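A quick write-up on the structure given underneath.
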Ligand SMILES: Nc1ncnc2c1ncn2[C@@H]1O[C@H](COP(=O)(O)OP(=O)(O)O)[C@@H](O)[C@H]1O
Ligand SMILES: [Mg+2]
């Protein structure tokens, strides 16, 4: 009996590993293909049969992007918009979350339901109304258009995330500050925020990624090449004169790099329990 | 330094639950008052109202002669030690202790001088640069004390400050806090549900139950003259044994035994006469019950009892017994039911006692030490 069981278990384990490997291949191959293609010449990309490893390994595509001020501008725009939105989101959401977490006020439940309900609308349904608003305020084709619309999408989630995080921090800490002679404002900035770093990092990463990857609103609310962001820039490489596949891939790699770096830096904050030692 | 006066303080949570009813307390300047009671009785609520962390529904509160009802915690000149310690986890011990001085805009040199002084008193000097996460439970407790002391407040408020420590450390810190308080002479209100802490630490003890103050007195008076059956049962460990009986012509009668009350007992408690011919509740502390085969027990009346179990502690034997009488519930929700209902009384015998489980013995009762309570109101009969 026991023996048959272990043999069966081994088979199951084997099948599991095979399945996982298949999954890994499925997920990783496009990324590999992107990397490999970015180091090929544009001609080799169309070679038949396709080459798994670049025959001619070249930085040609990267050089083309990094020396072109128009394309560098896409990166600058993406960084600027994502950074501004992230900073504003975290500051506004922290204040709102502290209110939700620590104070009782009339309409609190209704307000938090309202915040959640904004998340149920598919963003595309808001595209036309936003376009109308942005144009009528004279913000079309400006950074402000992107920053303001992105805030609408990042804030509700950030408020919920941070409220949840602040709820895990003991109220005794706020009360200790009150007894020590500080206001709620002091408690928030001097104690709660410093120990909320993991929650703030998580919120920032989420917000930054959302802005960095956003395509639809960036496409609709901007027009001039100067105002375009990286996702639009990648698309612009398509079909001007020819398909610059190797440049598209190189730009995608360059576009993914900050996300990778941010994720690696942020990771250690997710793991560390920053609030450890305050209680008990 | 200051006295703290509570007058007719009431607290109603969410417009319905009455957590504190009509609390009157006067804590003298420099006094160490213990607020004790089973969990949920409103101790923390009372303390938090004094601290200003909870609104006072009605009543007056003054600290050092100033009416503080509408004042914020920081203006009340109090310091609080939280059950969880609530240390600021991102600050060092130095910064934790010095935080209130920093908020008050004190200069770094002044802060350093004061924090160093307190660290020396509390033996924290070596740890000033550590973060709370790297401290042991006892050290964190001391940092919490330091944070309170640095403010030189009119009153210390402490909410079960030792409940997160292990038993041994608790005994040690109990003594440290008590001696520190005597040394500083600062009015202190100390909340606990541990009646041993209550009996050993404070000048006076206030016993609460269900949001109502039962008795405020010195530990000795509480023990010797509890005002009602609840206080009698709550104070003392093991608890006082409480039974129902009929009283007729100075004799307590239960289904299984009778005890003749000595003349002195009747003379000392004139009110007992009114209960003659009716029901009464009587109580006997475990140390007022004796092994009748030993010298200490010979002179007392005896009642038959069944030994359920014996705990030999070395210094004494805690003997769980079954008597043929109806036990009375003191109303302490924390009271452990005696061995799942097998026994209904506890006695503390000298270690020389040879009684063993499952035997029948004659239990000697020191009738001069009995307590008496009204069967309806549970108030003490004096
Ligand atoms: N914020 C609150 N809202 C409603 N009820 C509360 C609140 N805080 C405490 N209570 C209730 O008040 C009673 C007393 O609580 P508490 O003062 O914490 O008791 P203790 O400290 O003696 O254990 C309890 O029954 C508790 O459930
Ligand atoms: Mg409590």
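The backbone N, Cα and C atoms fix where each Cβ goes, and this holds for glycine too.
From a predicted model like this one, the values you see are computed outputs, not experimental measurements.
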Of A:101-120, A:121-140, the range TrEMBL labels transmembrane segment: A:121-140
Range among A:49-71, A:187-209 that TrEMBL annotates as transmembrane segment: A:187-209
Region pair the transmembrane segment (A:187-209) / the transmembrane segment (A:79-100), three or more CB pairs under 8 Å: yes
Chain residues outside the transmembrane segment (A:121-140) and at least six past its termini with a C-beta under 8 angstroms from it: 148-149, 152-153, 216-217, 220-223
